[in-house]
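Participant: The structure follows.
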Amino acid sequence: MRLQLLPLALCLLVAFLVLPLSEASAMKYSANSPATIAITVIKTKTKNSEKNKKLSTVELNSATNSKAKSSTKKDLAMATTNRPNVLNEEFSYKNIVDVRSNPSEYSKNSEESTVKEESFQYASFGEGMFYGFALMVILLNLVCYFLFDEKLFLFYALTLFAVGNLLFLSDGLMPLLGFTEIANPAGVEALLVLASCFFGSWFASKYLNVDEIVPKLKWIAIAFFGSGAILTTMSLLAGVSSFAAASNLIAYGTLSLYFLCGVYMFSKKNYPKFYVIALSIPLLFAIDYFVLRNLGLEFLMTRPSHIKAAVIAEMLMLTYAIVYRMKAIKEENELRQTELRIFLKRQEVMNRKNAMQLMEEVYLENLIMHYDLDGFEIKLLQYISEGKDNAKIARKLKTTEHEIEALTKELYHKLEISEHIQEDYRMVDAQADYIYN
């Protein structure tokens, strides 16, 4: 009988053992799904809240009811023994990341972090390239200043240095220079804007020779920059950003006046064209970024990268423009010297003509006085000395050519011209032969 019931007992035992294992494996298999995780989180939170509530009620009952001390101690023991497990269970769920539960999300996060790291490296590389290129152009202008002794290179190097510091502040790279914390960034930005516009206006006045066109513009610019310096100082001391915005507006407004002078000279000479073309886009971006943005106006949505790209083109074009202007100014000076020499030669020739004419007039007066010529003979002698032919002389004197010929013959004999010519011949014959050889 026992042998007959033994297989049945073994089957029941195996069933009781296999059923919990299958349920555990099923729970383990489905535990990594998002729905199961969400349900587990909700159950854990509700269980924690219930146990915390139970713990609080037990503590309250233990404090108020002295008769329930035995049950309170029992419940407290059960609650405290179960609470660390709950905390460990919650802590382990929050900190352990199962990659197998959602591999696509994990790969997506890793790809996003990789893209962010690559974009950061690319941005850092771009900033380094820009500031390295700007430093190279500044050094190039300084070298050209010492080589060619042209102050425009020095003025433009100072302008680029001020603009580079301004963009360095906009990129938030001042900690690299030791300025970890800036108490008033708006005031510091206004100071750098004022410096860059001041050097830019100084360069423009020398490059365009504005003093020859608008001499009073220099004093207007000095007044504007003085007021901008006062507003910048007030912004740095008081910490009011509106003063900084007003200073930026005045600074770029003054620089725009010199830009308009370049536009006025655009059609007159060639080198102002380089200045106008090179400065138009950077000036527009700078006004939008440093002036309109501080006033709450978004016109072109300009970013520092846009300003950098425009400044790179400006640096290349204006550096070449300075060299071109040197050549143009040299050619203008040579042309002025040539025109001056031509003018002097012309004056000399005119003086010679005047002297010869004066001598001729004196000679004619002497002839008239010596030979006692009448008015008609004087006019005839004057027309002959001017080289007019007989037909013109006849029309002038209102007579015929035949009469002019006869009068000329009489005047010829009266002035004894034949005798003077014979004397000239005799004088030539008396000269030695070596004079003509």
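All positions are counted from 1 along the displayed chain.
From the backbone N, Cα and C atoms, a Cβ is placed for every residue, glycine too.
What you are looking at is a predicted structure, and each value in this text was computed from that prediction instead of being measured.
If you look up TrEMBL, you'll see 127-325 marked as domain '7TM-DISM receptor extracellular'. Annotation comment: TrEMBL describes 129-148, 153-170, 190-208, 220-243, 249-267, 274-292, 307-326 as transmembrane segment.
So that I understand the layout, could you describe where these features sit and how close they are to other parts?
Facilitator: Taking Cβ pairs closer than 8 Å, the transmembrane segment (153-170) reaches residues 130-131, 134-135, 137-138, 141-142, 144-145, 177, 185, 188-189, 192-193, 195-196, 198-200, 202-203, 206-207, 289, 304, 307-308, 311, 315, 318-319, 322 in its own chain, all 6 or more past its ends.
Within the chain, the transmembrane segment (274-292) has long-range Cβ neighbours (under 8 A, six or more residues past its boundaries) at 170, 189, 193, 204, 207-208, 245, 248-249, 252, 255-256, 259, 262-263, 266, 298-300, 302-304, 306-307, 310-311, 313-314, 317-318, 320-321, 324-325.
Through the fold, the transmembrane segment (307-326) approaches residues 130, 133-134, 137, 140-141, 144, 148, 150, 152-153, 156, 160, 163, 167, 170, 207, 270-271, 274-275, 277-279, 281-282, 285-286, 289 of its own chain, all at least 6 residues removed from its boundaries and within a Cβ separation under 8 Å.
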Participant: The transmembrane segment (249-267) vs the transmembrane segment (129-148): three or more C-beta pairs under 8 Å (separation of 6 or more)?
Facilitator: no
Participant: Residues of the same chain, at least six outside the transmembrane segment (190-208), with any C-beta under 8 angstroms of its C-beta?
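Facilitator: Distant Cβ neighbours of the transmembrane segment (190-208) are 151-152, 155-156, 158-159, 161-163, 165-166, 169, 217-218, 221, 225, 228-229, 231-232, 235-236, 243-245, 247-248, 251-252, 254-255, 257-259, 261-262, 265, 271-272, 275, 290, 321-322, 325.
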Participant: State the residues, same chain only, that lie 6 or more residues beyond the ends of the transmembrane segment (220-243) and have a CB under 8 A from a CB inside it; answer 'none' if no residue qualifies.
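Facilitator: Residues 183-184, 186-188, 190-191, 194, 197-198, 201, 205, 250-251, 253-254, 257-258, 294 contact the transmembrane segment (220-243) from elsewhere in the chain.
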